[in-house]
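Below is one structure; the comments refer to it alone.
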Amino acid sequence: SLEPCGNATRMENSTSSCFLMERKTHVKINRKEVMLAKLRKSCSCTPKKIKNFVMDFLPVLQWLPKYQCKEYIWGDVMSGLVIGIILVPQAIAYSLLAGLKPIYSLYTSFFANIIYFLMGTSRHVSVGIFSLISLMVGQVVDRELLLAGFDLNDDAPPALGDGSLQNDSQSNTTHHLRLIFFFSFSFFFSVSPQVLMGIFRLGFVSMYLSESVLDGFATGASLTILTAQVKYLIGIKIPRSQGHGMLVITWINIFRNISQANLCDVITSAICIVVLVTAKELGDRYKHKLKFPLPTELVVIVVATLVSHYGKLNEVYASSVSGAIPTGFIPPKVPNFNLMLRVAVDALPLAIVSFVFTVSLSEMCAKKYAYTIRANQEMFAVGFCNIIPSFFHSFATSAALAKTLVKTSTGCQTQVSGVISAMVVLLVLLFLAPLFYSLQKCVLACIIIVSLRGALRKFRDVPARYHVNKVDTLVWVVTMSASALISTEIGLLVGIVFSMLCIIVRTQRPRTALLGQIQDTSFYEDDLEYENLSSVPKVKIFRFEAPLYYANRNYFLKSLYRLTNLDPNLEAARRKKYEKKEKQHLKKGGDTTANGLGITDTILQLVPKQIDFQALVVDCSSISFLDTTGVNTLKEILKDYKDLNISVLLACCNPSVIDSLKRGGYFGKDFGSMQEMLFYSIHNAVRMSLHLDYTSVVTQPATEKKP
């Protein structure tokens with residue numbers, strides 16, 4: 001039973017022991033004063049605050065003085081050397097995706113590692129060249145060049161030279177404009193979204209990209225990357241496709257020009273793929289026995305370069321090679337700010353993807369090794385990994401999964417390993433870069449394609465994913481298909497929108513059920529899901545497993561009417577119509593009604609046989625919130641069922657729902673009937689409904705009820 005006790009509710013459970021449920025009184029907060037206080041605190045400038053700002057902005061100042069050299073240095077040096085060795089061939093290879101010369105990829109790898117060492121909060125993430133980001137940025141740059149009327153053919157024969165910066169400055173106009181667009185885009189890509197998102201503390205946006213969306217996006221983009229590399233594998237010269245449907249258009253061009261395939265490139269590609277895949281599979285199988293991964297890519301590049309150089313594959317077989325790679329650093333240059341507005345829309349998805357991948361990897365490593373990261377600081381770190389290098393002819397960067405996993409498996413302890421990797425890249429930049437002149441582009445394409453193994457293997461996981469969750473599988477398929485068949489940017493947008501629509505649909509058409517009592521207990525469950533449940537006489541218990549708001553109001557009512565086998569509106573209308581006809585007939589006289597029944601039979605006819613319950617209990621345990629429409633819906637069913645002499649009781653409401661009901665006037669003006677309408681358990685509501693005098697209760701106005 002329930003008894004009022006001031007602002008408290010005294011409840012009696014099944015064991016007849018009483019307990020008190022009393023709401024706390026919350027002090028109202030003046031939000032204006034709080035905001036002003038925070039603003040004053042943020043705008044104040046004290047030595048302590050300046051110190052904290054600098055320490056937060058450059059986390060290296062916090063952890064480097066505490067660096068345990070004897071314990072950490074060996075793992076950091078080893079992982080740094082391994083990542084540096086992997087970085088060099090990958091940087092050269094990913095330059096194909098960006099449509100740039102390899103030197104600029106090396107610049108990017110060098111600066112990103114140094115800056116993240118200073119600003120990053122993750123100890124293990126590897127930031128640098130990422131195939132997906134390179135592809136997305138390259139597509140934007142190619143589009144702008146195509147609109148400007150320039151040739152996108154990047155298969156022109158390499159210019160001869162001694163590998164110096166002076167010879168590199170004599171690049172063709174198309175390549176020069178490509179650089180202008182690329183660096184301007186890189187600068188805008190980092191400055192606008194990422195840094196501003198960090199300033200306004202918008203790191204939480206990463207939660208809106210579900211795992212299914214990210215996996216589908218990465219897989220679809222991997223198909224696009226693979227398609228873009230096929231022309232290098234077989235040595236044909238076709239233009240870089242642009243716009244929507246790039247994957248389909250590229251494959252059409254490939255089959256049209258398949259007869260022009262270079263036999264030397266085909267054989268080289270086949271050999272390299274076999275070697276790389278075999279080495280990767282052996283590495284995965286025996287990784288527990290290996291102290292560090294095999295540098296297969298570096299070995300393949302060195303051997304392929306030597307074979308190409310001494311076999312003169314470019315001169316004899318017209319095999320496309322990397323060409324001259326200059327040494328040293330090009331003087332810094334301010335990006336072209338006039339071009340930024342043209343790529344503003346493209347910058348947002350790139351910034352979000354870059355940030356989400358970085359934060360996801362950072363959180364994964366932090367959870368595994370028991371430390372914390374700051375998502376907003378990661379925004380700053382990734383943003384400045386793009387801002388500063390953009391002045392030094394670098395392009396967009398992000399965290400890379402494969403290299404991050406290698407770092408963790410080779411003993412990495414801190415971001416000191418990133419400095420070691422940067423030194424390896426610097427060594428190549430200053431001295432070794434010209435040695436890769438004869439490296440075939442098909443070898444680089446093989447490295448890129450083999451690196452996509454992880455993303456492409458997601459296709460094997462589709463049956464298992466479908467078994468776990470069909471909706472998430474559908475999100476994955478839609479995102480992957482849109483990313484591959486339309487474009488990467490559109491694919492990401494489609495994935496996000498479709499994922500949100502799925503959530504909306506789930507709340508629009510949630511599970512509904514009538515509950516039965518578990519025998520000899522005070523618990524209730526779904527009649528259709530469990531055996532041996534007993535129904536409660538004269539009581540229907542309805543469960544709605546979603547928030548009740550404007551979008552699912554109609555579904556709530558339809559489900560309630562269907563499961564209880566009673567639509568109170570139709571029943572009330574039928575009664576009024578029948579009563580009206582009977583009154584008209586009785587005015588004409590006679591002891592019988594229009595249908596031949598006596599008056600007594602008519603009265604019985606007015607009590608519908610299909611109504612087999614006198615109380616409706618709504619289980620609100622799964623209703624997380626109510627909007628105005630939701631409150632009005634509950635008020636509507638309360639009134640409609642009351643007209644049929646049926647009580648409506650609410651059970652298991654959370655405080656938010658109770659407050660919404662109070663504000664909406666569900667319990668009357670003085671909340672006098674609240675104790676008779678609201679219960680903290682289904683069992684208490686059922687017990688109350690079984691002992692109520694329904695006729696006397698429903699004939700009283702809600703505001704006049706006294707507990």
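Numbers here mean position along the shown chain, with the first residue as 1.
Glycine residues also receive a Cβ, built from the backbone N, Cα and C atoms like all the rest.
TrEMBL annotations:
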TRANSMEM  72-94  transmembrane segment
TRANSMEM  114-137  transmembrane segment
TRANSMEM  179-204  transmembrane segment
TRANSMEM  216-234  transmembrane segment
TRANSMEM  339-359  transmembrane segment
TRANSMEM  380-402  transmembrane segment
TRANSMEM  414-432  transmembrane segment
TRANSMEM  476-505  transmembrane segment
DOMAIN    529-689  domain 'STAS'
Have the transmembrane segment (339-359) and the transmembrane segment (476-505) got at least three CB pairs under 8 Å, pairs 6 or more apart in sequence?
yes
Integer average pLDDT (0 to 100) for the domain 'STAS' (529-689):
83
What residues elsewhere in the chain lie close to the transmembrane segment (216-234), defined as a C-beta under 8 angstroms and at least 6 residues from its ends?
96-97, 131-132, 135-136, 240, 246-247, 250-251, 254, 258, 261-262, 265-266, 269, 320, 353, 441-442, 444-446, 448-449, 452, 455-456, 458-459, 475-485, 488, 491-492, 495
Which listed range (72-94, 114-137, 380-402, 476-505) shows the maximal number of Cβ pairs under 8 Å with respect to the transmembrane segment (414-432)?
72-94
With Cβ-Cβ distances below 8 Å as the criterion, list the same-chain residues six or more beyond the ends of the transmembrane segment (114-137) that contact it, or say none.
57-60, 83, 87, 90-91, 94, 97-98, 105, 108, 182, 185-186, 189, 218, 221-222, 224-225, 228, 346, 349-350, 353-354, 357-358, 361-362, 365-366, 369, 371-374, 377-378, 380-382, 384-385, 388-389, 395-400, 403-404, 406-408, 412-416, 418-419, 421-422, 448, 451-452, 488-489
